[in-house]
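Visitor: The structure is given below, and queries will be raised subsequently.
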Amino acid sequence: MMATKLFARGFASSAVAHKKVAVLGAAGGIGQPLSLLLKQKTGLVSHLSLFDIVNTPGVAADLSHINTPVKVTGHKGNDQLDAALEGCDVVVIPAGVPRKRGMTRDDLFNINAGIVLKKAGVYNEKHLFGVTTLDVVRASTFVGQTKDVDPTGVHVHVVGGHSGPTIVPLLSQTGIEFTQEQREALTNRIQYGGDEVVKAKDGTGSATLSMAAAGARFAESLLKALHGQEGIVEPTFVQSPVLAAEGVEFFSTNVELGTDGVKKIHPIGATSEYEKELLSKCVPELKKNIEKGYAFVRSA
């Protein structure tokens, strides 16, 4: 998968019927299919504002020919970033470079963090989301394949972070029976599913289409919540009290979304002994990831 994270940031209330959505990195491997999916959210999006450092006008022109009423504008280069963001309700950031064969997500941190992290002084913990939805999408898919059931009806609560051992699928909460062999195989595949795609693409790229679908799913859920729809819950990496006592400031669990972004952060819930062991391995790795992020911002 792409080493970059996707972030959505909610700003407005549900007073406006439709929302303006910006995609930063819209000309990239994730950005283009993500923008295509958002162009089709006609009941939620009124204006799709596309930004990238190259090729954005062409992507915008192409998408604008699709027969939905969603307005599309293209903005290219840093001097047009302000115009792209003006009046936006949600900003989705798939900008970054893809992971190549032999690279870990950690290898790409300094490159991609420089794209998405800024000391702007406007941080609001309710408005910033790390989109870990791809882990959930993969978990549903892999469980569906293992049990030969429709994956759209499989819901797996995936907690933690978004890198290897920090990804913890809580299979015990699905209500589905697994052998220990199945649990271990599924957990490993969910944690390192991105490697399958990198290998299948011969090291020339990573997950783009599945990441775009996952990003669009989260953006759609956020837009529904901003419109005032109740009961919208998605797993997402946010500033969280769930493991704050253990020194983990950011954590992904199910989060109820509302008109001001984060409405309620759900706890981890009941876990098996196997999952407790996975969480014990997750915590130190996640702490290191978070500290690396803070160190980057301090030095930026």
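The backbone N, Cα and C atoms fix where each Cβ goes, and this holds for glycine too.
Dumping what TrEMBL says about this protein:
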- 20-117: domain 'Lactate/malate dehydrogenase N-terminal' (DOMAIN)
- GLY25, ALA26, ALA27, GLY28, GLY29, ILE30, GLY31, ASP52, ASN112, MET211: NAD(+) binding site (BINDING)
- 132-297: domain 'Lactate/malate dehydrogenase C-terminal' (DOMAIN)
- HIS162: active site, proton acceptor (ACT_SITE)
Visitor: Write down the Cα-Cα distance for the residue listed as 'active site, proton acceptor' and GLY25 (NAD(+) binding site), rounded and given in Å.
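Guide: Cα-Cα distance, GLY25 (NAD(+) binding site) to the residue listed as 'active site, proton acceptor': 20 Å.
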Visitor: In whole Å, how far does the CA atom of GLY31 (NAD(+) binding site) lie from that of the residue listed as 'active site, proton acceptor'?
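Guide: About 19 Å separate the Cα atoms of these two residues.
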Visitor: The residue listed as 'active site, proton acceptor' to GLY29 (NAD(+) binding site): how many Å between their Cα atoms?
Guide: 19
Visitor: Near the Cβ of GLY31 (NAD(+) binding site), how many other Cβ atoms are there if near means within 10 Å?
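Guide: Total other Cβ atoms inside 10 Å, all chains included: 28.
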